Amino acid sequence: MAKLCAQQVSVVYASRRGALTALENVSMSVGSGEIVVALGASGCGKSTLLSLLAGFQPPTSGRVSVDGVPVAGPGADRGVVFQDDALMPWLNVIENVAFGLRMQGVGRDARHARARDVLRLVKLAGFEQHRIDEISGGMRQRVGLARALAADPSFLLMDEPLGALDALTREHMQTLLLDVWRATGKGVFLITHSVEEAVLLATELLILSPRPGRIVARHALDFARRYAHGEPVRSIKSDPRFTEIHLALVEQLMRETEEV
């Protein structure tokens, strides 16, 4: 089973006011078939942690590794999905999805075949030739997800991928993410500001403190696995235990913020 690990990582930035610690001694891991969700106030280091896992920046101290091999930069084993889909408007849907494969030297027929496969997975079959300005925000985010999946990474790293969507589209996308996770068995690291979303999607939930970001709580949750075994989202969300956990986490986050 593939495993992406951060071990005792800290990130310190220089500023005019002196050293600023964004993350302090954070250890966590994401394995195949897991959804690890990071939740915390703005500025607590969630995106910095994702940046370390993606290889976009090195930690000031500590270590990031995949299966014991140090991460030295971005890699095809880690697909990244951002809140801003960052699609290329001069390319159509299938060319956006296949772009990374094109950069890897994969031939046109092979990369388009793979792109069609992942477009079917994210329920966008039939939209291959559409321009980016012809599709909705939710569809654009699905194109971004398909692009991340095209290289068949072991891990998906997702930085508030649903944050800019309206409430109904967001609910549909939550279900789609669970469907993709169930179908692929990939390890997922996801950042969100939505407590409800975190409770639904996480197999492990990490609570980060306000700056400097530290993991102050870890919660093992089973709602995503219940969905994977066939229970509808509506049934899961109507479970009193779901509501109880949701409210307890809101209270915990409020306490963390008030203590700053």
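Glycine is treated like the rest: Cβ placed from N, Cα and C.
According to Swiss-Prot, the feature domain 'ABC transporter' maps to 6-235, an assignment based on sequence analysis.
If you look up Swiss-Prot, you'll see GLY40, ALA41, SER42, GLY43, CYS44, GLY45, LYS46, SER47 marked as ATP binding site. According to DSSP, GLY45 (ATP binding site) sits in a coil region rather than a helix or strand.
Here the binding-site residues are GLY40, GLY43, GLY45; the one with the fewest Cβ atoms within 10 Å of its Cβ is GLY43. Sequence-distant contacts of SER47 (ATP binding site), defined as residues of its own chain at least six apart whose C-beta falls under 8 angstroms from its C-beta, comprise ASP159, ILE191. Its Cβ taken as reference, SER42 (ATP binding site) is surrounded by 10 other Cβ atoms within 10 Å in the chains shown.
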